[in-house]
Amino acid sequence: MVAYSILTLISLGLGSHCASALQYGYNQVPVHKDSDVVAGAFPPINGTHLQSPAFTTPGTVPRDFSDGKAGPTRDEIMDNFLRRLARSNGWMAYHEADFMSEEGRKFPYLYLSGTNSSLENPGSGKKLRVWLQGGVHGNEPAGDQSMLALLGEMAQNQQWTAKVLEKMDILVLPRYNPDGVFYFQRYLATNFDPNRDHVKLARQQTRDIKQLFTKFNPHIATDMHEFSAGRAFGPKKDVIYAADALFSAAKNLNIDEGIRQLSEKLFAKRMGKDIEAAGLRWDPYITQGDSTNSKLLLLEAGTDAKIGRNAMGLTQCVAFLCETRGIGIADQHFERRTLSGLVMAKSIIQTAVDNFDEVYNTIERGIDRFTHSKGSIVLTDKSPISARTFGMLNSTDGKLIDYPIDFASTTPATPVLTRSRPRAYLIPQSWTDVVKRLEVLGLKAEKLPYSYTGRVEALNVTSVAFDKEYYEGVVTATVETKLVEQNMRLPAGTYLLSTTQKNAALAFVALEPEYMDSFASFGIIPVSKGDQYPIFRLK
């Protein structure tokens with residue numbers, strides 16, 4: 001077994017298949033539908049009756065969906081569907097967010113509660129809060145369609161829904177990226193990737209949705225996506241992923257270990273069984289790595305905080321990425337794809353209901369344990385590599401095969417660089433923009449009315465290495481520092497950010513310069529070799 005550094009694994013992943021050069025709008029991927037041989041491995045599932053607009057009102061599906069130039073459900077169709085459900089069900093409340101997309105589109109969402117609780121009045125009972133989102137990438141239509149199918153099924157199966165809502169309140173944001181859906185492209189209207197903006201918070205839309213998420217404060221969060229269907233491997237490029245579904249829990253090691261184990265040992269295991277029971281296939285979410293030999297290297301979902309599932313998980317909740325096989329095949333197998341997403345979402349809900357006390361208590365204890373922890377924080381990690389097989393499909397003859405691979409596992413990753421957990425951070429008033437970003441992430445900072453004089457831990461920059469590529473407006477940097485203790489005087493107005501907060505792990509990944517997605521890495525706090533980093537730590 002060998003180790004593979006996470007810092008070399010940063011990848012846009014299975015959903016990154018995009019046009020080589022971006023324009024304003026309509027950045028659509030080429031369509032390569034499955035051959036008849038491959039399609040035979042993904043037949044319709046008997047007895048499927050999905051209760052979402054693409055299936056209950058097929059006449060509303062645009063013709064361009066079959067050509068891979070549009071999704072199946074326009075905004076107005078989705079909005080009417082949500083409003084109709086809310087009018088017919090007292091446990092369902094329709095809302096429009098008080099912010100708009102980059103091009104001025106609305107964000108409808110539904111709040112589901114059996115006790116009339118809401119964002120403003122969440123109630124005082126012992127209940128789980130579950131956040132479900134889809135449509136982060138606009139060219140992954142089974143993501144938001146599976147959310148609509150879930151809502152439709154809950155409206156149809158009132159008895160099941162009543163049992164669910166005894167244990168939890170649910171917020172469903174079906175369409176995170178309405179501009180991307182309009183253009184049928186992965187990106188926001190500004191061509192930023194919405195699923196890589198969770199720490200740097202470059203776009204206002206990201207900040208607005210993040211604040212809604214923080215206000216809801218979920219115990220469980222799920223992010224619905226699709227992955228590229230036709231990615232081929234092997235010497236003859238005749239081997240493709242066989243899975244209908246790929247999924248991953250949040251992997252960042254700054255998430256409480258008890259919460260991570262709950263995700264892996266309870267939720268992930270149950271999800272795999274539920275997918276198989278539905279007649280579907282699954283594997284862990286992976287991306288392709290650069291192998292040093294002829295063997296295919298697949299990398300399990302990484303630990304980077306800029307990605308949605310890890311950013312959500314760093315609020316100390318159970319968080320899952322759920323992906324279905326769909327990018328690049330337009331409307332092909334859409335019922336099976338949507339069913340795959342629905343099965344995963346229902347599995348998470350049902351697992352939480354069936355194991356309510358264990359889930360609720362483990363998460364609440366994990367939050368308390370993390371908040372008051374004095375353990376070290378993890379800044380870099382690595383993945384052990386081992387040989388295993390992965391479910392593949394031979395595209396020539398349609399046979400399912402167990403394909404030998406090298407697998408870089410993050411369940412769990414192995415810490416490399418750790419650092420003592422600070423009691424607090426001191427942030428000079430001149431860096432108010434940094435404080436505002438941290439507040440969006442759900443953190444609170446106190447503005448000191450007096451000057452601070454005393455011992456601090458300062459970080460002196462010993463190395464800055466820039467990436468070779470331009471990424472979303474910046475050239476990212478890998479920063480190394482040396483920690484030194486010294487006396488410091490900081491003026492009144494300096495911010496004190498205590499780390500005795502539930503969301504403190506988001507401060508760690510943002511403020512510690514060595515972390516791959518830190519504010520220093522993204523140039524929000526620019527540094528050079530020899531500089532003193534302008535954020536200070538208290539022991």
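Cβ from N, Cα, C; glycine included.
The structure displayed is predicted, hence computed values, not measured ones.
GLU323 (active site, proton donor/acceptor) falls within a strand segment according to DSSP. Per Swiss-Prot, the feature active site, proton donor/acceptor maps to GLU323; the stated evidence is sequence analysis.
What Swiss-Prot lists as Zn(2+) binding site is HIS137, GLU140, HIS225, and the listing cites sequence analysis. Under the three-state DSSP scheme, HIS137 (Zn(2+) binding site) falls in the coil class.
Taken from Swiss-Prot, the feature compositional bias 'Polar residues' applies to 49-59.
The feature domain 'Peptidase M14' is assigned by Swiss-Prot to 71-352. Mean per-residue pLDDT, taken over the domain 'Peptidase M14' (71-352), amounts to 98.
Around the Cβ of ASN46 (N-linked glycosylation site), 6 further Cβ atoms fall within 10 Å across all displayed protein chains. Taken from Swiss-Prot, the feature N-linked glycosylation site applies to ASN46 (among others), supported by sequence analysis.
For ASN116 (N-linked glycosylation site), the Cβ neighbour count at a 10 Å cut-off comes to 11, with all displayed protein chains included. Among the features that Swiss-Prot reports, N-linked glycosylation site is placed at ASN116 (among others), with the record citing sequence analysis.
The N-linked glycosylation site annotation in Swiss-Prot covers ASN394 (among others). Under the three-state DSSP scheme, ASN394 (N-linked glycosylation site) falls in the strand class.
Sequence-distant contacts of ASN460 (N-linked glycosylation site), defined by Cβ-Cβ distance under 8 angstroms and a gap of at least six in the same chain, are THR481, LYS482, LEU483, VAL484, GLY530, ASP531, GLN532, TYR533. The feature N-linked glycosylation site is assigned by Swiss-Prot to ASN460 (among others), with sequence analysis given as support.
Remote same-chain residues near the region 'Disordered' (49-72) are listed as 26, 28-31, 78, 81, 138-139, 141, 144-146, 148-149, 151-153, 155-156, 181, 184, 328-331, 334-335, 338-339, 342 (criterion: CB distance under 8 Å, separation of at least six residues from the stretch ends). Annotation comment: Swiss-Prot describes 49-72 as region 'Disordered'.
Taken from Swiss-Prot, the feature signal peptide applies to 1-21, supported by sequence analysis.
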Helix, strand and coil totals (DSSP H, G, I; E, B; other) for the compositional bias 'Polar residues' (49-59): 6 helix, 0 strand, 5 coil
Cα separation, ASN116 (N-linked glycosylation site) to GLU140 (Zn(2+) binding site) (Å, whole number): 32
Alpha-carbon distance [ASN116 (N-linked glycosylation site); GLU323 (active site, proton donor/acceptor)] in Å: 32
Distance from ASN46 (N-linked glycosylation site) back to ASN394 (N-linked glycosylation site), taken between C-alpha atoms, in Å: 24
ASN46 (N-linked glycosylation site) in three-state DSSP notation: coil
Rounded Cα-Cα span from HIS225 (Zn(2+) binding site) to ASN46 (N-linked glycosylation site), Å: 24
